[in-house]
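For reference, the structure discussed in these notes is given below.
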Amino acid sequence: MAATLKGVLQGSLADNVKNSKILVVGAGGIGCEVLKDLVLTGFKTIEVIDLDTIDVSNLNRQFLFRKEHVKKSKSQVARESVLKFNPDVDIKAYHDSVMSPDYDVNFFKQFTLVLNALDNRAARNHVNRMCLAADIPLVESGTAGYLGQVTVIKKGLTECYECQPKPPQKTFPGCTIRNTPSEPIHCVVWAKHLFNQLFGEDDPDQDVSPDTEDPELTAEAGQSALQSEAKTDEIGGIERKSTRVWAMNTGYDPEKLFNKLFRDDIKYLLSMETLWKKRRPPQPLNMTQLPSDTDGNSSAIRDQRQWSVKECANVFSDCLGQLKKELATQGDGGMLVWDKDDETALDFVASVANIRAHIFGIAMKTRFDIKSMAGNIIPAIATTNAIIAGLIIMEAIKILSGKIKSCKTVYLNRVPNDRNRLLVPCTLDPPNPKCYVCAPKPEVTVVVNCTRFKVGALQDKVLKSYLGMVAPDVEIDDGKGTIIISSEEGETEENNDKFLSDFGIRNGTRLKCDDFLQVYSLVVTIAHVEKLEEEKEFEVVGDLSELQPQEEQQQAANGSKPHNGGDKADGQCTVPCLNPWAVLTLSDL
């Protein structure tokens, strides 16, 4: 069945395809289509890596999987399925994270090229850096509903994945989440925070209790709230030390938890009268006095039917019991991790979010809608994945034919552009000389309050989360070689709770940051300020902020809109756009 058997690919190109070794990262929506296309095109040696297992929700678009495969490894089942298309292919599957230290630069160097089919930015950043370090071509891709994009990344020739800044993931001020929610997403975020407070990793930034430091509160209003009868050190006769400890001491009693979260805390919020001068005040609920059930659309499936407040309360009660048992199996110090595909965890968030929404007069949502919001899900379209996978293979073939300079960034749009085209190819841009990843000497500036920002936050929130490092080592560039963060377990853990200023770090201090796994080095310059705007703990500025694409600047000037991804404007493309219904050839793209 492979294309080479029919002579579609001939001569040296057919040999290059047959003799190449391909790494596919991701075996989900795009990955399944890519693997199918690879074996049918004549590729003989393929390795695929994916950490996920198959969920029922995958079956409507990931056609290598069947119902009997649910809960099994995506990469391993995908391997078994595509071998039925072409049993002569040598495929190796890894059920693992590509960010594991096992997959170092030497691992990447064994491949002819890498094809990304990922769905998260952290992994994309990591594979980008590994391919740069190994000097291996990378074909990057992504889809969002009807939109899609494919591009090629080659060290020294094209922009890398991180050459242009990506829009930050949307966050919400803590005071909005805790005190004054106005949208369903605010209630969903609060519900996820509550899950972590009760069963997961305890994070002070995710406290669900009312916020007495809300910037809208005057000193008198805040003091009045503190003295309110609604705020008490004891609830149900049990001293409240923290949400987790208090809940455990009550035995996760549903009625006590419900009345504390949805009655007492709401009454406390009402005592902050300043907040409700221009807003609809919330309405406290008592578990024994809930609004009567309404039939609603009882014939609809559970995911699509709007639950009543009483039904939400019942689901909340049932979930508490199940999650309590699950937590007990984790042993002392154990915790649960929220997963959108965990039925009980999703039911908990759906019920809690809807109860809170009802209290604040916000539209309640179906379980299906809440899953999409809580999991940051954009519905996947099978045909979009198939089109993007085909484009990935076409770019890969151009690379193997020695025509990497003719590769393109190709966008798939939802509606035709002004030239009546759905597929829009654009020339690849050269590397950004100020990129903090692929520049010859990567540098970045981080703005913090050195007297309040801890070393642990620098490691986890700045270096790992924001700048994409996996296992950083950090040395102060002070001529003494002072190491404040080590990738070796246990070496510098005692530094995590110390402030940057404790190590003499101040305005202008330079930090040498290295990630051995990624073969990546970065110089971080610290800029000290007393306070940042919008409750920010830190801000990355300097050269990084100068990486705004020229297209965005042009769009701001003339009001034009980008097509998918926002990386290129229609007017910026130098390659003629394609008729979406035409037969695509390698010369077209």
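The backbone N, Cα and C atoms fix where each Cβ goes, and this holds for glycine too.
Predicted, not measured: the structure shown is a model, and the values here were computed from it.
Here the domain 'THIF-type NAD/FAD binding fold' (15-436) returns a mean pLDDT of 88 for the predicted model. The domain 'THIF-type NAD/FAD binding fold' annotation in TrEMBL covers 15-436.
Residues or ranges marked as ATP binding site in TrEMBL: 26-31, Asp50, 58-61, Lys74, 119-124.
Marked as Zn(2+) binding site by TrEMBL: Cys160, Cys163, Cys435, Cys438.
For Cys175 (active site, glycyl thioester intermediate), the number of other Cβ atoms no farther than 10 Å from its own Cβ, over all displayed protein chains, is 18. Annotated active site, glycyl thioester intermediate per TrEMBL: Cys175, in sequence order.
According to TrEMBL, the domain 'Ubiquitin/SUMO-activating enzyme ubiquitin-like' annotation covers 446-533.
What TrEMBL records for 548-574 is region 'Disordered'.
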Within 10 A of the CB of Cys160 (Zn(2+) binding site), the number of other CB atoms across every chain shown is 23
Quick check on the binding-site residues: of Gly26, Gly29, whose CB has the lowest count of neighbouring CB atoms inside 10 Å? Gly29
Write out the long-range same-chain contacts of Cys438 (Zn(2+) binding site), meaning residues 6 or more apart in sequence whose Cβ is under 8 Å from its Cβ. Leu132, Lys155, Cys160, Glu162, Cys163, Pro431, Asn432
Report, as a single number, how many Cβ atoms besides its own are within 10 Å of the Cβ of Cys435 (Zn(2+) binding site). 20
Report the nearest neighbour of Cys175 (active site, glycyl thioester intermediate) in space among the binding-site residues Gly29, Asp50, Asn60, Asp119, Ala122, comparing Cα positions. Ala122
Give me the CA-CA distance between Gly26 (ATP binding site) and Cys435 (Zn(2+) binding site), in Å, as a whole number. 26
Drop a 10 Å sphere on every Cβ of the binding-site residues Ala122, Cys163 and tell me which sphere holds the fewest other Cβ atoms. Ala122
